[in-house]
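A.B. asks: Have a look at this one.
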Amino acid sequence: MHTDLDTDMDMDTETVALCSSSSRQASPLGTPTPEADTTLLKQKPEKLLAELDLSGPPPAPGVPRRRGSMPVPYKHQLRRAQAVDELDWPPQASPSGSSDSLGSGEAALTQKDGVFKVMLVGESGVGKSTLAGTFGGLQGDHAHEMENSEDTYERRIMVDKEEVTLIVYDIWEQGDAGGWLQDHCLQTGDAFLIVFSVTDRRGFSKVPETLLRLRAGRPHHDLPVILVGNKSDLARSREVSLEEGRHLAGTLSCKHIETSAALHHNTRELFEGAVRQIRLRRGRGHAGGQRPEPSSPDGPAPPTRRESLTKKAKRFLANLVPRNAKFFKQRSRSCHDLSVL
């Protein structure tokens, strides 16, 4: 033990002598000398490490020290390259994946999380609000009315052994704001239920015009559309037959179903069928891709007069009694089956 202490004292004495001689010779700062190299080689590695200050300035009281093996947070790594304001740092995404905006990011998110938006459209007095209330009040599932909205209902339902979130909007007619809300429906809806009353032929005659408006608002999307003949329980007041509704659906390439919101007849089948139609259309869109925008290599086509929606609707109605009834019968054979395209 005395030998080790004497050796350490000798090393310290040589180090002091080396520092004194270096100061007298006024060697440039940082210039190595043979005497310094010899002294460093004689010292023990433990002593050299103890003399080195690897931790920097002492941490402030109460601040936890970070281990050398712990990675620096990603936010501070970015700050080394450029200044990052704490207020501008994006917050972590919420588990629910909700958002106030209705952009493409949210559209992709809703598709991933199984959220489907269904719009009820049609003339007034056909039973849209009754259908929406029936959907929100069906027993056996979790249903509630969304906050700050009297005409929007959200439910978790099971469709083909898969749980989804279905949101039903009844905002097609809202007084002075009806025009803006209708445009909002056109851009955000995943499926559209055109409701008409089987006791009102005048409202039934406006279905083609409503459908043309939907497709004109989103011309390059394969939108699921279901024609809903409501109030089927009023047999004595019926003005539109089941066959007429199916013929119209076959002509317009839509689905068709008759319901009675008052008796809850076919209401569950309607909304579950809407979910199936959305899935089928999305699956076909992913397989074949969206239809490309129309373009011409010779430049834009000259402007032409567009046919009004009223004239188009009249033309559709003129074809309700087809020349080849057998062809339209085959075409409308599966329009009532909401589980197929």
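In case you wondered, yes, glycine gets a Cβ from its N, Cα and C as well.
Under the heading GTP binding site, Swiss-Prot lists Gly122, Glu123, Ser124, Gly125, Val126, Gly127, Lys128, Ser129, Asn230, Lys231, Ser232, Asp233, Ala261, Ala262. Positions annotated as compositional bias 'Acidic residues' by Swiss-Prot: 1-13. Annotation source Swiss-Prot lists compositional bias 'Polar residues' at 18-30. Under the heading compositional bias 'Low complexity', Swiss-Prot lists 90-106. Feature annotation from Swiss-Prot assigns compositional bias 'Pro residues' to 294-303. Here Swiss-Prot flags Ser27, Ser296 as phosphoserine, drawing on similarity to another entry. The region 'Disordered' feature in Swiss-Prot is assigned to 1-71, 84-106, 282-309.
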A.B. asks: Give the helix, strand or coil assignment DSSP yields for Lys128 (GTP binding site).
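C.D. replies: In the DSSP reduction, Lys128 (GTP binding site) maps to helix.
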A.B. asks: Just going by other Cβ atoms within 10 Å, which of the binding-site residues Ser124, Asn230 has the emptiest spot?
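C.D. replies: Across Ser124, Asn230, these binding-site residues, the one with fewest Cβ atoms within 10 Å is Ser124.
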A.B. asks: What same-chain residues, at least 6 away in sequence, bring their CB to under 8 Å of the CB of Gly122 (GTP binding site)?
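C.D. replies: Those within reach of Gly122 (GTP binding site), by Cβ under 8 Å and sequence separation of 6 or more, are Lys128, Trp172, Ile194, Val195, Phe196, Gly203, Val207, Thr210, Val228.
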A.B. asks: Could you check what DSSP calls Ala261 (GTP binding site) once collapsed to helix, strand or coil?
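C.D. replies: The residue in question, Ala261 (GTP binding site), is coil (DSSP, three-state).
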